[in-house]
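According to Swiss-Prot:
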BINDING   Cys64, Cys68, Cys71  [4Fe-4S] cluster binding site
BINDING   Cys108, Cys139, Cys199, Arg271  [2Fe-2S] cluster binding site
DOMAIN    49-276  domain 'Radical SAM core'
REGION    344-374  region 'Disordered'
Amino acid sequence: MTLAYAPTAQTITIRNDWTKAEVEALFAMPFNDLLFNAQVVHRQHFNPNEVQVSTLLSIKTGACPEDCKYCPQSARYDTGLEKERLLEIEKVIQRAKEAKQVGSTRFCMGAAWRNPRDRDMPYILKMVEEVKSLGLETCMTLGMLTRDQAVALKQAGLDYYNHNLDTSPEYYGDIITTRTYEDRLNTLENVRAAGMNVCSGGIVGMGETVSDRASMLVQLANLPEQPQSVPINMLVKVKGTPLDSVEDLDYFEFIRTIAVARIMMPKSHVRLSAGREAMNEQMQAMCFMAGANSIFYGCKLLTTSNPDTHEDVMLFKKLGINTERTRDYSDEAHQQVLEEEIAQQQEQAEGSNDLFIDATKPKVAAKQQHATEA
């Protein structure tokens, strides 16, 4: 008998009214209790044995005018990074094809800009169209966006736009001075208004306090609509940046941040993002237990190191994790299909001695997907 997780049709109400005191209380929970609660939430909305996989490519590297203290791409710091012009569309398409071949379902493109210039937009839009034509989900991070730029990206086929809040409003001024917190929130509003999915998270380990981490998650969870994707980054210290000698964050604190994010944002994909190169397999496994269900494939994230794809494949094999496939139907339809599947399996289980419902092979969902494809 194969034992698998037993999902439930019960859902958790999405809250946009979290207080910092509530979130600090979550951070203060005993570690095992916190992870247990995060797992309960996670299993009500996701298959815990599936992870969404993206690939991230730097399409324009270095010479950024911003002063983000963690970033090796800032022109203000001597990090030895060679600046590069906007990548040719043909090279971007080739990298997207390679990403699809190794199992990525989303291709993310990042440019070290304060904001895209009008002269660059035609090339950017063409990149989106070409990558989208490969059957991949598309994501970009280009800095701040105007409403018109967001609409143009949406019309070109962009699915996700990444713009992180980075840290709490209280600590933000210690990390960045060249753009305001409000600037970031305005860009997220422009992305939402254009009808794109929001990808927004932050970085931990920059010298912030637990209260700062709680405050950052409050900002994300209390947005008018919670981000569809929430990357949680561990600071990668780069020589030459102002944060290259900051004290290391305790790994358990990072895992706690993943777990609290999962509890607060039940339907969001929580991405185990930058910093994985320094994590052993056991720590990454605990992050997945805490509710992380998205990673980047590939040996580099923009300019910093990332585990080799082969290493990730082997880790997934050890943990029994499969890569999540792109859904061809809406979230609402999928929820209905899932509930029907659960009810069907519960009826079947009443006449058997199985202790677990096997929901790893959703027959009803598969039928609907085949019908959609037909």
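Placement of Cβ uses the backbone N, Cα and C atoms for every residue, glycine included.
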Q) Where does Cys68 ([4Fe-4S] cluster binding site) sit in the DSSP three-state scheme? A) coil
Q) Which number gives the other C-beta atoms within 10 angstroms of the C-beta of Cys108 ([2Fe-2S] cluster binding site), all protein chains shown included? A) 28
**Q.** For the [2Fe-2S] cluster site built from Cys108, Cys139, Cys199, Arg271, further residues of that chain with CB within 8 A of the site's CB center
**A.** Ser54, Leu56, Arg106, Thr141, Tyr160, Asn162, Ser229, Pro231, Ser294
Q | Residue pair Cys139 ([2Fe-2S] cluster binding site), Cys71 ([4Fe-4S] cluster binding site) - Cα distance, angstrom, rounded | A | 20
Q. Can you check what DSSP calls Cys139 ([2Fe-2S] cluster binding site), collapsed to helix, strand or coil?
A. strand
Q: Report, in whole Å, the straight Cα-to-Cα distance of Cys108 ([2Fe-2S] cluster binding site) from Cys71 ([4Fe-4S] cluster binding site).
A: 18
Q | Cys199 ([2Fe-2S] cluster binding site) versus Cys68 ([4Fe-4S] cluster binding site) - Cα distance in angstrom | A | 19
Q) Applying the rule Cβ within 8 Å of the centroid of the Cβ atoms of Cys64, Cys68, Cys71, what extra residues of the same chain belong around the [4Fe-4S] cluster site? A) Glu66, Asp67, Tyr70, Pro72, Gln73, Ser74, Ala112
**Q.** binding-site residues (Cys64, Cys68, Cys139, Cys199), the one with most neighbouring Cβ atoms at 10 Å
**A.** Cys199
Q: Check the domain 'Radical SAM core' (49-276) for me and report the mean pLDDT.
A: 90
Q: For Arg271 ([2Fe-2S] cluster binding site), list the number of other Cβ atoms lying within 10 Å of its Cβ atom.
A: 24
